[in-house]
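Positions annotated as domain 'NADH:ubiquinone oxidoreductase chain 4 N-terminal' by TrEMBL: 1-110. Sequence annotations record features per position, and here TrEMBL assigns domain 'NADH:quinone oxidoreductase/Mrp antiporter transmembrane' to 113-400. Feature annotation from TrEMBL assigns transmembrane segment to 21-42, 62-81, 93-111, 117-134, 146-168, 195-217, 224-245, 260-279, 286-304, 310-331, 390-415.
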Amino acid sequence: MLKILIPTFMLIVATWFVPAKWLWPSTLAHSLLIAVASFTWFKNTSEAGWTALNSYMASDPLSTPLLVLTCWLLPLMVLASQHHMGAEPLNRQRAYITLLISLQFFLILAFSATELLMFYVMFEATLLPTLMIITRWGNQAERLNAGMYFLFYTLVSSLPLLVALLVLQNTSGTLSLLTLQYMDPLNLTTHADKLWWAGCLVAFLVKMPLYGVHLWLPKAHVEAPVAGSMILAAVLLKLGGYGMMRMMLILEPLTKEMSYPFIVFALWGGVMAGSICLRQTDLKSLIAYSSVAHMGLVVAGILVQTPWGFAGALILMIAHGLTSSALFCLANTNYERVHSRSILLARGLKMVLPLMATWWFLASLANLALPPLPNLMGELMVITSLIGWSPWTLALTGVSVLIAASYSMYMFMTTQWGPLPSHLIALAPSHTREHLIVTLHLLPLIMLTLKPHLIWGWVN
């Protein structure tokens, strides 16, 4: 684990001492080496459980795919930010890169923590770099408002989790995941226990986010720069799913009784968020609401508590991370040329950027879960486990899948087809850098169809 953490920390130091002309190339090369080195974690996964174990950190089949996704995303964020950050003063560029690297550092510590309190601290530590990226480098006047929404939604919901963890420490005598998995399930029967259950999960449900506590997400996505949107959609939302999966081991007896309203709400939220996507005119807002719809399925898959539900939720999280990050990169390429996020002002772009239209098409198909991509595999596994829990869930899941296909096609058709508006006369051509970013998003997605067991989590 330290083989990745130490180079990541050294990259923060190097960012402030490297000459100006080598700042972006050296950061990209260094972060790409870290991402390639992280693939060794796949080699170490075993059905037996934890590997790469030390006093405070370890990886297992649940955390390994999320750790690799975190490391893989940093070079892509550096590539995506390079163009619009070039005009900034040098110190602001260095500060921006430092925040991105520190986010990766905190996320690696969060996903590999074996102590729940350490996980909580790192879970909260990711707030500050993300908040600074949104409020300092966001494009629009509303960015401070979006930052406040993001901060208070996440902070207020995570305080009950801290209290719940301290109560667990007093009850069981340990917060180590290595020990808790072998303990007898807690005897949870009283109303206070039900409040404790809700306190444990509410922070993760807001982070996912569950429909109803999702208002911070579209605001944060719309106002954030491209790297902020990428890390938020691809990894930070997955902290919620990962935390829920870890806590399910401890909360097991009560979940069967308490999960009913949350599962129904998650599925209903998938339908509602998908319907909201169909009437969006802001491209980044549409992609953000589609994340809420997909995360509804993930929440339902985790709360059902079957091996298929868990595995499907993990696959869907990884596949969604790569797909939504690719969509935000494509939306950013449009924004850099048109200087507007409005779908109505940027139509018919396949006439001038035909290769970009191909990437839009592939990313839209991945978003609507085209077979045989992992997106479909994850959705089918979650839906199968939900039908086993209650056949009535088929109505909501079926409708949400149909709506997902509708808004994905709506997004592709409105941006790429139709006559080119007269105000879009001289658009810059697409660059190799932009094609490389999208390729590095979609290639892992396609390769995972050949070796899906890498992201199956506990169902190896």
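Placement of Cβ uses the backbone N, Cα and C atoms for every residue, glycine included.
Unlike curated entries, TrEMBL annotations are predicted automatically.
Long-range contacts of the transmembrane segment (310-331) within the same chain, counting only residues at least 6 positions beyond its ends with a Cβ under 8 Å from a Cβ of the stretch, are 62, 65-66, 69, 73, 76, 80, 221, 226, 229-230, 233-235, 238, 241, 245, 283-284, 287, 290-291, 294-295, 297-298, 301-302, 341, 356, 359-360, 363-364, 366-367, 373-375, 377-385, 434, 437-438, 441-442, 444-445, 448, 452, 455-459. Secondary structure counts, DSSP: the domain 'NADH:ubiquinone oxidoreductase chain 4 N-terminal' (1-110) has 81 helix, 5 strand, 24 coil.
Only residues 6 or more beyond the boundaries of the transmembrane segment (224-245), in the same chain, are considered here, and those with a CB under 8 A from a CB of the stretch are 62-63, 66, 69-70, 73, 76-78, 80-81, 84, 96, 100, 103, 107, 110-111, 119, 123, 126, 130, 133-134, 137-139, 143, 146, 201, 203-209, 217, 284, 287-288, 291, 295, 298-299, 302-303, 310, 313-314, 317, 320-322, 324-325, 328-329, 332. Residues of the same chain lying 6 or more positions beyond the ends of the transmembrane segment (390-415) and with a Cβ under 8 Å from any Cβ of it are 263-264, 267-268, 270-271, 274-275, 277-278, 283, 286-287, 290, 293-294, 296-297, 300, 334, 343-344, 346-347, 349, 360-361, 364-365, 367-369, 379, 382-383. Long-range Cβ contacts of the transmembrane segment (62-81) within its own chain (Cβ-Cβ under 8 Å, at least 6 residues beyond either end) map to 4, 24, 27-28, 31-32, 34-35, 37-39, 41-42, 44-45, 96-97, 100-101, 104, 107-108, 111-112, 225-227, 230-231, 234-235, 238, 242, 245-246, 314, 317-318, 321-322, 325, 329, 332, 433, 436-437, 440-441, 444, 454-455, 457-458.
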